[in-house]
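Report on one structure; see the data block that follows.
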2 protein chains.
Amino acid sequence: MQDVENRTPPPSSPSGAATAPLSFRDGNQDIDPAFVDAVSEAIRAADAPRLQHLVEDFHESDLGDLLEALEPEDRPRLIELLGPAFDFAALTEVDDAVREEILEELETSTVAEGVRELDHDDAVYILEDLDEEDKAEILEQLPPVERVALQRALEYPEGSAGRRMQNELIAVPPFWTVGQTIDFMRETENLPDTFYEIFVIDPGGHLLGAVPLDKLLRSKRPVTIQSIMDDDPDRVRATDPQEDAARLFQRYNLVSAAVTDEAGRLVGVLMVDDIVDVLDEEADADIKQLGGVNSEEELSDTVWDIVKSRSTWLFVNLCTALLSASVINAFSGSLQKMVALAVLMPIVASMGGNAGTQTMTVAVRALATRELGRANAWRIIRREMVVGLLNGAAFALLLASVAVLWFGTANLGPVIGLAIVVTLVSAAFGGIVIPLALSRLGVDPAVSSGPLVTTITDVVGFFSFLGIATLWFGL
Amino acid sequence: MQDVENRTPPPSSPSGAATAPLSFRDGNQDIDPAFVDAVSEAIRAADAPRLQHLVEDFHESDLGDLLEALEPEDRPRLIELLGPAFDFAALTEVDDAVREEILEELETSTVAEGVRELDHDDAVYILEDLDEEDKAEILEQLPPVERVALQRALEYPEGSAGRRMQNELIAVPPFWTVGQTIDFMRETENLPDTFYEIFVIDPGGHLLGAVPLDKLLRSKRPVTIQSIMDDDPDRVRATDPQEDAARLFQRYNLVSAAVTDEAGRLVGVLMVDDIVDVLDEEADADIKQLGGVNSEEELSDTVWDIVKSRSTWLFVNLCTALLSASVINAFSGSLQKMVALAVLMPIVASMGGNAGTQTMTVAVRALATRELGRANAWRIIRREMVVGLLNGAAFALLLASVAVLWFGTANLGPVIGLAIVVTLVSAAFGGIVIPLALSRLGVDPAVSSGPLVTTITDVVGFFSFLGIATLWFGL
């Protein structure tokens, strides 16, 4: 089971475990179950020294993955056994459900102690999902300066840049020299853990500019900050949605960006690693929603949570399926006279469903990445309709031949062919227009486009095929 | 149409156009069609000064978006009219199809001239998709040093870290002091455009460590590099797939990482902005493939390309639909005797399809993000089966009641109920086991899981419902 020849050891692999050369990740970067077992054993034996040895130098991210790999009841025990050796930042790396469960089990004093050691943004991340009572209790146990800063961040709307920003930053006046700035950094104890630029502010705290560290390093000591700063740096409003900030980072290849309040005062800094998480969450939500899964669903959710959230979507699907069934029912006389129609009708609906999903997927994604907007909407609508018409024609020919050969009824050919063309063109139309319309109405197209598009393709598919057949054959 | 009150002007908005206060993006960050029209007009009038004024100070990313918004025939003309003022990095920001079209139209000497000004990684990005002949012709026109470096990068496999890395970096010996290093950076003309860490190498070029810039700035001048460097920095092999590098960046919140060759020699550096693009491309590919769209499809593709790529998937769907139809056909006798079966059967298949897609979406996504692995596969399979069973039971009751009320046949209730349970459990099983199996076989589960899962749910749905009905009613 265990991969001893770890070809690319992660920085966090425990370098010299005494008993066995266990490592957390195998050569494939997958978690090694043997390592997880060793940790579980140590937890059950309450063997704190062994535990500390096992997770020594673990990166917060690996520690988070380890937590997720453990049985739920072992997770809070690991944290308690590790004591101050446990880095609470690991809790920002686990699924929401796991974090909530762990935090519920821990004493608020343990949480307060752990949160105190964290960067501002990580602390906000952990606190924001707690219920008001626990949040207040933990905040109370923090030193006033930290408490006020966290309270202020928590006042920004959920999902805003203000919630994701870090308030540890370096800001200097414009008249300082490069030398003064470097000396200041050398002498100050409490600098941010990581930073890629320093900011320039006026006495009122308004953002005047930014200087990337490499530029600072390349400049000579007597040069003033003002003369090397970028005086129109990319900035994000604290109240802006984090997705907008993420698109800005992506568009302009940023690693950090100033966050300002309404008055243009510097209040924090957004870092690219948080933005990577935002982009990932966004893509994740789109993928899940397009697949009919709640965007909040996580791998660690309980069976009950999943049953509840998935059944909502299945219920919507049931309603649209009943609608299609009632369309079929309207033609029950025709079906009785010609059973081949019952055999072929799901093909028409299924082709329509697929074509509609194709167009919708492209539209939803292009809307999410802001590639589809009013500048090109008409062009894309026209294009999708033409694609629907051409693919409709091609599959009409193909399916008509299959139907005629299969059932030996020549007239089935034009009937199913015509129905396919009508259905695929409607699918293309619905697939592009529905997401566009939802997006204009301010509704997330990833969530609701699916059921609407399938309803259209099913209803049109069954109705056109059975309707055309009824007319053609005079059923 | 035009938003004059630009509340959050992007850094690229042309600050003072003489004739009208045109800006590229409106308050919503959408491209303003009026601006695009103005550019088109200037292109058609061959008014180079006006064009240069319009796109002055444009970020490469906005320039790329502008190119995409123009009519295809105007794109190469814009580049020719702008001449050296056109930043070729913009071509790394457009869809592949757009880039290829533009590069075909341009003279190779123009391309060579433009590529020469680029960072190494951007040059590779533009060159890699050209055909061998054009590539060779352009490389020939470059200075030997650049040519050799580009040729070496192009020898790494497509999609590898070696193709995405930048070769502009700073590497110093371990015995240098902080002061020496800073002086070196102040005195050297040809530093990389941006960098976040400096690397430490031995005389053979082997990577010994890395020092983030903020650490360099915080250290006093006489301190040696060796004493402040991280001696086990995150590193990527040049031949590693870029997706693996992306997961490493994401996991450990990196902004840059050393790239080494087989012998551990430093050959380049990967930057987070390229990684953001890799993650985005990966999510994009998954979303499209799950929606039955080729991962390479782009908004700028021609109708013909789209018709071809989408029809492949529609053809696969046709085959699976024909398979389901043949299952239905086997029960044509039953259908003739009881037309209610024809009305209800699509509901069973559709519920199965939806439930299967839900499970599959979660599985494919969890595999892509490495959250699902051998450590938890069995737990997730069991969980999905239980979810399928519970939702199956709930919807069996619901649908049985609807069927009985609708058709007034009491026995339809247990028949459709039983069929729904069977179908939803099979959907859960197929939805999780198929992606897992494909992934074990080294096949991308996002591509082929969809048709396989739907085939199972359709066939099981129709077969179980019609089969149970035939037995129950003795049809």
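Placed from the backbone N, Cα and C atoms, the Cβ positions cover glycine too.
Curation does not apply to TrEMBL; its annotations are automatic.
Features of the protein shown, as given by TrEMBL:
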DOMAIN    B:229-285  domain 'CBS'
REGION    B:1-29  region 'Disordered'
TRANSMEM  B:313-332  transmembrane segment
TRANSMEM  B:338-364  transmembrane segment
TRANSMEM  B:385-409  transmembrane segment
TRANSMEM  B:415-438  transmembrane segment
TRANSMEM  B:450-473  transmembrane segment
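Counting Cβ pairs under 8 Å to the transmembrane segment (B:450-473), the top-ranked stretch among B:313-332, B:338-364, B:385-409, B:415-438 is B:338-364.
Counting residues per DSSP class in helix, strand and coil order gives 25 helix, 17 strand, 15 coil for the domain 'CBS' (B:229-285). Counted as Cβ pairs under 8 Å, contacts with the transmembrane segment (B:385-409) are highest for B:415-438 among B:313-332, B:338-364, B:415-438.
If you look at the transmembrane segment (B:313-332), the same-chain residues 6 or more away from its ends with a CB under 8 A from one of its CBs are 292-294, 341, 345, 349, 451, 454-455, 458-459, 462-463, 466-467, 469-470.
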